[in-house]
Amino acid sequence: MAISSDNSEQQQEMSTLSNRSPHHVSFIDDQHQQRQTTVNIDGPSSGPRQGSISAGEKSGRFFVVKPSDVPDINGNDKVNGSNIATTESEKTPLQKEADISVKFNESIFEETDFAARNVLDQLYNYKGGIVPNAAEAEKPSTARQSSANLGTIFGVYLPCVQNIFGVIVFIRLFWLIGIAGVLQTLLIVIMCSSCTLLTAISMAAIATNGIVPAGGAYFMISRSLGPEFGGAVGILFYLGNTFAASMYIVGAIEIVVKYMCPETCRLFGNDVEIPSVAFNHYRIYGTILLLMIGACVLIGIKFVTKIAPLSLFAVLLSLLCIYAGVIKSSFSPPDLPICLVGSNPSHLIKSSVLNNDVMTYCRPDKWCYEGNKTKLCPLYSSICNKSTNTLCSKNDYIENVRIEQGIPGLKNWQLSENLISHYRREGEIERDIRGDSSFEVVAQEITTFLILVGIYFPSVTGIMAGSNRSGDLRDPSRSIPRGTIAAIITTSIIYLSNVIFLASCTHSSLLRDKFGDSINKQLVVAALAWPNKWVIMIGAFCSTVGAGLQTLTGAPRLLQAVAKDDLIPILSPFAKSYRGEPVPALFLTLFICECGILIADLDKLTALLSMFFLLCYGFVNLACALQTILKAPSWRPRFRFYHWILSLMGVLLCISIMFIASWYFALVAMVIAIVIYKFIEYKGAEKEWGDGIRGLSMSAARYALFRVDEAPPHTKNWRPQLLAFLNVQRNDEDESYALRHPRLLNFLYQLKAGQGFVVAASILEGDYLDKYQFIEPIRLLLKASLTQAKVQGFAEVLATKDAEDGISALIQTEGLGGLKPNTIVICWPVNWKKDYEAYTADSFIRTIAIAEARRCAVIVPKNINNFPDSKEIQDGTIDIWWIIHDGGLLFLIAFLLKRNKVWSRCRIRLFTVAQLEDNSVEMKKDLEQYMYQLRIEAEVNVVEMDNQEISAYAYERTLKLAERVQLLKDLKLHDKELQLQ
């Protein structure tokens, strides 16, 4: 090592520092003004270099700079000795942290005079960044772009809009208005849209807090709430998406079978209006359509992305036609006559009764004339030939028969007529008024506000369509918030405007006609649209097919993400991909979707899948609220327009809608989630994602520790906090470790009724730098042994040069706050007689002295290898030899052991020693009273002995009658105080 004090060298060092990158931080103390001595690490022959360390730096000056001599991570630089020739342009922006750490470790153990200076030199010239995944960082950008190249519009916004505009808006929205009325329908729409909007805001915050790979909502929940919650909600959300595809397919087939070709598409049966016949048609045609959609999905997401805009174009065109029809109805409403009979209430006649000719046969007369023929009018024949009719008069005439326009249009404002609700039971035309389904439109099911919420909610559940494809997005954290929120706002405005326009244009009786029986099986929205009803029917069909296509594209990717995390072992085969597509997951999805199609009842499907979606949305809101409240340092979302109050509102709204829609389906969904949660917990999810539940536990633990540390524990709250020392033996042949006294853990397990914590500690003799690689294997051995013995505790290994010092250090420092060990468990030394001068005797006594100085109780199990395990049930007695100064610990140990199943059959016996001149009868009576007040069943025995038979220690501690009498007097506390203890 050469030492130089040349002024030119000092100036060169200062010029080097001044020429460094401007992004440096310097702290210079007063010693900077002193003479600096440069230390050249390269040896006497080396000249001055930028990496040298000066005395000024060692005395207080610290620089954080960009280095000039760190080799390139790609190995482009050539290294000769200590000189590294590298230009600034050759430096990479991110340096591997592993390269620096290797050099650092080598420098620590380098046995040279310059080892410490080498380390400081590397730290001084360190340059690097934290690369989360080095393999991903080294991939070329073109490779990433090829697998994820969808933007906000085509990747999130359009799929969400297409999913939201499903089957409900075309074939159920008008019926909801007719049943619930405008006011309550607006309330349903606003409530459901608010739920999804709040969820989208929470999802935007989570999505912008980091990278969102494949899995979307599942990834957000699992990384925020933990693998158990993530797995449970992920599976339910997957099932919700799969059954949503079933709903869309069944809805598409319903449009075809009932509205587009009710005659030509009939396969069997005379009337598709019969539910059983209709359901069979749905099952057959639905299976065919499912296979066609599945083939499209199997081709690949690029193909789906190309054909999806065509379907979306048809949907948007249909919506424009509806608005055009509304505008046209203000000056030229469509000609759509309906036949009504009676008033308060009005009976809406089926068009099939009138031979689908309302204008000709909707008349009150008994006889109708067709040319020269006279025949019984179909309306009169259907109504008046029944003995129960109340609409026909005695003069062969039907009272109050009239033809009205089903869609009067904006020209004849109908909004005031549709404000109130008309909830009915099955078979009713109005509340508590029965109808005749043979000739008039009646309710086909019971309707309430709660049921309608469950039916409508699936029409807003497409908000996750973009997040489900997060693995295919170019920038998920940017596209998901913008695209999702924009889609929700767009569709909500369209839904609200549709409610107002349909209620303003349509007759109230026609709105309650669910399947268009009074207008020859036409869709109400199709009849309103301009220029042609077929635009709406084709658009509705394309909408449902497109929504099913998007759902079947996202659901397999969601299942694949769950399978890749290996939370549920049975799902591991579905983690595979072929040509970048989750083919195994797709086949399972198609199978489950087919099961939903076989149900065939659209309204039942909507109520079921609503629960799955609501549960997922609720957990997304909970995850955002939890992360915001905990204020974790890692919670830094780029999306700023969120608040934990909004997220909690979203949670409460989701739970409310679940039980409003269907409380029994809500309970079923929750039970399924709990079962999956407990299964993942039972299997032991070995995932550490820094989730919010763990953060909540840490915050709760921190709060509890502060509370516990505020004051010393009361006697009633005292419980044994055990610090147990276990000896670990090493087998040099196979380099394995084993416990010397494993049955000590059985003793700890049988004391678990005390509800305290257990620390299993082991001392490793030697220098830490020599032994640190052995610490983790021993800790894992202790942890595994605790788990095997069913002991909930912690493992601690301390490497010290002296075992006595290690035991002393652990007794003094183990624990945190109020949770410090108060009881030391150490085995009785076996060979203390043979090796008296060694640790086995002297150190054992010192350990007890240290524990006493630390004010800890000491439990010394003897012959611990003969202690029973958890399967060896004992019969007999637990004997206590009572000593005054033990503080009642012997009683407590016996009581805790008896609460365990191993010792539950045993009796407790209390023995105490007395002199012959003591009043043993009175002493036994007092002890029995004391045991009774302590609520411990024990048999008391007083053993009388001569002074010669008693050791001096026992005599001093236990046989002074005055002390014994005073103790028993002190123990006779007030009854209430004893009972409180």
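Using the three backbone atoms N, Cα and C, a Cβ is placed for every residue, glycine included.
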* **Correct range for transmembrane segment (source TrEMBL, candidates 446-465, 746-765)** => 446-465
* Asked: Under an 8 Å Cβ to Cβ limit, what residues of the same chain, 6 or more beyond the ends of the transmembrane segment (446-465), are close to it?
  -> 156, 159-169, 172-173, 176, 179-180, 184, 188-189, 191-193, 195-196, 199-200, 203, 216-217, 237, 240-241, 244, 247, 421, 423-426, 484, 487-488, 491-492, 495, 547, 550-551, 554, 603, 606-607, 609-610, 613-614, 616, 657, 660-662, 665
* Counting each residue once, how many in the domain 'SLC12A transporter C-terminal' (742-859) are helix, strand and coil under DSSP? -> 57 helix, 24 strand, 37 coil
* Would you mind listing the long-range same-chain contacts of the transmembrane segment (307-326), meaning Cβ under 8 Å and 6+ residues beyond its ends? => 154, 158-159, 161-162, 165, 170, 296, 334, 409-410, 494, 497-498, 501, 504-505, 525, 528-531, 535-536, 538-540, 542-543, 545-546, 549-550
* For the transmembrane segment (233-261): best-contacting stretch of 282-301, 485-505, 606-630, 651-677, by Cβ pairs under 8 Å -> 606-630
* When counting Cβ pairs under 8 Å to the transmembrane segment (583-600), the leader among 282-301, 485-505, 651-677 -> 282-301
* Structure fact -> Per DSSP, the domain 'SLC12A transporter C-terminal' (860-945) contains 30 helix, 21 strand, 35 coil
* Structure fact -> Tertiary contacts of the transmembrane segment (282-301), defined by C-beta under 8 angstroms and 6+ residue spacing from its ends, are 245-246, 249-250, 252-254, 256-257, 265, 267, 307, 469, 472, 545, 548-549, 552-553, 556, 579-581, 583, 586, 590, 593-594, 597-598, 600
* Over the domain 'SLC12A transporter C-terminal' (860-945), work out the mean pLDDT and round it to an integer. => 81
